[in-house]
Amino acid sequence: MSTSTATAQNLSFVLEGIHQVKFEDRPIPELKDPHDVLVNVKFTGICGSDVHYWEHGSIGQFVVKDPMVLGHESSGVISKVGSAVTGLKVGDRVAMEPGIPCRRCEPCKAGKYNLCEKMAFAATPPYDGTLAKFYVLPEDFCYKLPDNISLQEGALMEPLGVAVHIVRQASVTPGQSVIVFGAGPVGLLCCAVAKAFGAAKIIAVDIQKPRLDFAKRYAATSTFEPAKVSAVDNADRLRKENNLGVGADVVIDASGAEPSVHTGIHVLRPGGTYVQGGMGRSEIMFPIMAACTKELTFKGSFRYGSGDYKLAVGLVASGRVNVKDLITGVVEFHDAEQAFKEVKAGKGIKTLIAGIQD
């Protein structure tokens, strides 16, 4: 990890194996298509998936077999544009959507490109991520930031896009009650988006009191710390303490924890909607009887799709969602590994890594 930032062309933070990272100077990527742009990356957030690859070397079927650049929550400044680019120019500040679909398969043509089987997603093996000085994207996957959104905030458009997709999957409407399990970055942003969509009650659930305290200050109308009792008992408490009557309209799970899934199913009203946004173990026990007899709508949510990033930028630009308060630390590029260690230790909410300084 000794490569000099002063002489490097495209210094990159590379994962070689479990807890094995290095700074490597790589060639500046070429524009492969006339619609491509070269982005000078300015800020990158550390995501739980990045930490998981660093800790375990894999996520499910995605295994790091070759050295891979980490990072996918980024913002930057346009450094070069292809000959067919019309919507961006050198110097524009952008949020970067880090997955490129094939654009030809049925999900892509149906507007669900997040389900594309040929998706080239940053920092998902075998594709390199954005923790480098430069990164290439198609122009339509770069979203120009208005003047009132900073580049630091721009890096949070990625997790906000995830939250927007989850809340849209839930079809949250004004006046509804929404329970969000998991008060990490995505769960907190789900609370904020649900509030922007007009939800009347937004209840954040977590086992860590500091997270709940922040959630209450941030966007939740109330919070709930589960007791070490059955899911049915926790659901009963949730309903009574929050005057939910027969149950909540919407449950969003951003934790992936099996007890949260169980409690979420039991706390919903008949005909309610459940959206699974958090990933945990690949298989869990599931309260199928409650789901069936209450005729619940159950949906999964994966990354983000058509319109989600645009809406995310719009929510922040209009002041309806605040992402600035989630940024609890910014470190220099050469301290990237230490930042990963701190995130793994649960310090802060969202840590950003600053890009290479010219």
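Glycine is treated like the rest: Cβ placed from N, Cα and C.
Per Swiss-Prot, these features apply:
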type: BINDING; residues: CYS47, HIS72, GLU73; note: Zn(2+) binding site
type: BINDING; residues: GLY182, ALA183, GLY184, PRO185, VAL186, GLY187; note: NAD(+) binding site
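On the structure: features taken from Swiss-Prot.
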residue : record              : contacts (Cβ under 8 Å, 6+ apart)
CYS47   : Zn(2+) binding site : HIS72, GLU73, GLU158, PRO159
GLY182  : NAD(+) binding site : VAL205, ASP206, ASP253, ALA254, SER255, GLY256, ALA257, SER260, GLY278
ALA183  : NAD(+) binding site : CYS191, ALA204, VAL205, ASP206, GLN208, ARG211, LEU212, PHE214, ALA215, ALA220, THR223
GLY184  : NAD(+) binding site : GLY48, ARG211, ALA254, SER255, ILE349
PRO185  : NAD(+) binding site : PRO159, LEU326, ILE349, LYS350
VAL186  : NAD(+) binding site : PRO159, VAL162, ALA163, ILE166, ALA254, GLY277, GLY278
GLY187  : NAD(+) binding site : VAL180, PHE181, ALA204, ASP206, ALA215, ILE252, ALA254, SER255, GLY278
Subject >> Three-state secondary structure, which DSSP defines for VAL186 (NAD(+) binding site) >> reply: helix
Subject >> Secondary structure of HIS72 (Zn(2+) binding site) (DSSP, helix/strand/coil) >> reply: coil
Subject >> Residues close to Zn(2+) site centre defined by CYS47, HIS72, GLU73, Cβ within 8 Å >> reply: THR44, GLY45, ILE46, SER49, ASP50, GLY71, SER74, PRO98, ALA122, ALA123, GLY129, THR130, GLU158, PRO159
Subject >> Sorted by sequence, non-GLY182, ALA183, GLY184, PRO185, VAL186, GLY187 residues with Cβ within 8 Å of centre, NAD(+) >> reply: VAL180, LEU188, LEU189, CYS190, ASP206, ARG211, ALA254, SER255, GLY278
**OP:** Count the Cβ atoms, other than its own, that fall within 10 Å of the Cβ of GLU73 (Zn(2+) binding site), considering every protein chain shown.
**Re:** 32
